[in-house]
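> Straight out of TrEMBL:
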type: COMPBIAS; residues: 20-29; note: compositional bias 'Polar residues'
type: DISULFID; residues: 90-108; note: disulfide bond
type: DOMAIN; residues: 121-449; note: domain 'MACPF'
type: REGION; residues: 1-41; note: region 'Disordered'
């Protein structure tokens with residue numbers, strides 16, 4: 001990503017004229033037609049581009065960047081001709097070896113290979129019934145470069161290629177069948193010996209850390225997106241649901257007189273790596289690739305990336321990551337002479353794993369923010385209910401409940417990635433990823449003042465201020481006491 005050309009911040013006493021002005025996406029080109037590549041003919045396409053993100057209380061930029069209406073045409077497109085030669089042609093258009101017919105497995109993806117009136121189906125596993133684990137089913141899931149949750153998996157992990165390979169999971173005492181797309185699958189439980197904790201006096205340092213951990217695999221930073229916006233571009237996108245459990249309430253980070261500490265723990269349950277060659281992709285993924293326009297129409301390509309991810313997982317450690325950020329009232333901490341370590345001990349995040357004094361913790365904890373990965377929907381719902389009831393002192397007992405739910409719903413905690421266009425090499429997809437990053441660049445924000453850090457979160461530019469300043473642009477000194485301390489520091493440094 002190209003560096004930003006941002007002007008130097010102005011002095012803290014300057015008044016920003018745009019504090020109440022919202023910046024909206026402006027049209028890059030309207031009414032620009034382009035072929036869609038579908039049999040229904042061309043489409044009338046309107047494209048937009050984000051010039052500036054909403055800032056200083058303005059509107060978030062979360063609208064779709066393109067609209068298309070299919071044009072009527074009398075032209076009839078010739079259907080694709082599938083030539084499987086000596087192999088079996090599935091109704092879906094997939095070609096499979098004839099030896100895979102009538103073997104109980106759904107090798108075609110539409111069960112058309114199991115129409116076996118003239119013979120008895122014979123399973124590769126014979127009389128044994130090995131099930132597919134959640135780890136195997138979700139192997140190869142996509143990841144979004146801006147931190148958004150994946151919506152669909154490009155890999156058909158119910159294809160076994162006639163093999164009956166399995167792996168033993170000691171947690172569930174079960175042999176699980178290994179999909180063809182997975183080259184290596186190994187179950188082994190490893191847990192952190194102790195929780196790690198970090199204390200942050202300034203919210204900008206915490207935001208930077210969260211951003212680094214969310215996007216470190218991609219080499220981009222300071223831009224997060226958890227809400228998909230390109231919802232109308234691909235016909236098959238009726239999948240849109242709020243699937244991302246990571247929600248960010250920015251007001252908690254920019255409020256005054258707050259301190260933060262982050263508690264982390266992880267559990268590894270399995271390791272897998274995808275097969276390097278001869279992977280089998282889902283029919284729906286291949287169909288959506290065919291629907292992409294021949295020419296580059298960014299809204300359609302962005303929608304594809306938000307559905308399948310900008311990258312996919314090549315090798316993965318699966319389990320769960322337990323991360324909570326506690327928002328503390330720094331004034332109460334000072335008044336009662338309580339340290340963050342005292343709060344940590346009270347919540348039970350120490351070797352003893354026992355909650356000691358809940359009252360001390362609840363007296364200083366103003367809010368709790370969850371960045372938990374993994375765990376069942378039941379656990380997530382219970383945790384959300386706690387948050388909705390303003391129960392702030394989530395403790396080690398909740399961690400124990402979460403850990404026990406990982407067997408049924410693990411998540412990726414460490415991975416090696418590859419761009420999605422590696423699966424279907426196309427120049428347009430490669431270009432789409434590059435422009436997708438630039439479209440959501442922090443360069444489209446006004447700079448923060450007085451050393452504040454600007455970030456893009458779900459289409460809005462926000463400023464994380466240092467301990468001495470506040471305001472939507474970090475333009476206001478918190479108090480005369482801070483002003484005097486800051487002047488003293490500047491005199492010592494010669495500024």
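Glycine is treated like the rest: Cβ placed from N, Cα and C.
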> Using Cβ atoms only, which residues of the same chain lie under 8 Å from residue 90 (disulfide bond) while being at least 6 residues apart in sequence?
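Expected: 96, 107, 108, 109, 110, 112, 113.
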> Mean pLDDT across the domain 'MACPF' (121-449), rounded to an integer, is what?
79
> Mind giving me a neighbour count for residue 108 (disulfide bond)? Other Cβ atoms within 10 Å of its Cβ, every protein chain shown.
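There are 24 of them.
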